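Single-structure report; data block below.
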2 protein chains.
Amino acid sequence: MTTTAPAADVLTARERLVRAAQELYAEQGVDATTPRQVLERSGVGQGSLYHHFPSKTDLARTALVRTTEESLDTARGTLAGGGSSSGRLRAYLGAPRDALAGCAVGRMTSDPVVMADPTLRAPLEEYFTGLLDLVTLALWEQGFSESEAHDRAMSVVATVQGGYVLARALGDDTALERALRGARTLCGLEES
Amino acid sequence: MTTTAPAADVLTARERLVRAAQELYAEQGVDATTPRQVLERSGVGQGSLYHHFPSKTDLARTALVRTTEESLDTARGTLAGGGSSSGRLRAYLGAPRDALAGCAVGRMTSDPVVMADPTLRAPLEEYFTGLLDLVTLALWEQGFSESEAHDRAMSVVATVQGGYVLARALGDDTALERALRGARTLCGLEES
């Protein structure tokens, strides 16, 4: 533990560690990511890693919370912005997605390290609960009943997640977009 | 390599290794599964493992092909069986699924070892291609046009996959069933 480093430097190293972990988790998951890889990607020293994040779990928790908060902020930007509910749903379903990379949040549900630790699964649950609320509200504004809006939101978010799975399994980045046509129908949106 | 063991014993050890690998992959993925775990689960000796499967990839390829073939056979049993297309689609969507365990095939799309090796990804692609064909045909028999049937099949299979993701993220095994209500709508099935 260094006591002479200025606060700004400390923050910067910590930030670089978190961002490196976020990238590596999105690429290969938490389980497959080693401290050495995080150090190499971040460019910070080993002492700094263990100073800020004494355990692998500390780093994983911080990076997963960051990733899920950023993803939910993005969804909020389209689904809770201004305009009609149909326009907002259209914007959410039409948002640019790297289908072959998969969802940085959804893929964590297959990571044995994440699923074995309730403190690592918690950010995933918060993300999907928040996202489902946003989609449910937009569907309710579309005129669906409360229970219909809840169920269709589950279908719509599932279609996004499963569309990523299909794109990766088929090696076909159009699979997600094609799956989302069905989600548009469930949202009461006309095909353009 | 033993030369004195009767053929039946050799087959049995190989089979136990494959089944142990299938179980472990479904629970924690290929990347996280060690040869030691496969040996312990199967109860066979170390020499037998390396005799039958010289590399981790050999075992993974065999076990993944087995899992995907078994899963496709199950789908074929409901989707290509007798009866009306609506009855077969209903049977497929209503099939028992362990939502919190996730899909033994779909989850492999988040496994870095599987996705990095085209020979390991190939069984996933074959599985989903075969499954999509079965669902597309049933939807076409329901009266959808060819392109509509193709797109809705992609949505329906994506909903199943994403329903598993949501169930695991939320820790709620009803999420998959609720997501599938939307898939029933897309299949032109009335809610019961």
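Even glycines carry a Cβ here, placed using N, Cα and C.
Look at TrEMBL and you will find B:11-71 tagged as domain 'HTH tetR-type'.
Residues or ranges marked as DNA-binding region by TrEMBL: B:34-53. Here the DNA-binding region (B:34-53) has Cβ contacts under 8 Å with residues 1-2, 13-14, 16-17, 19-21, 23-24, 59, 62 of the same chain, all six or more residues outside its ends.
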Across the DNA-binding region (B:34-53) the predicted model averages a pLDDT of 94
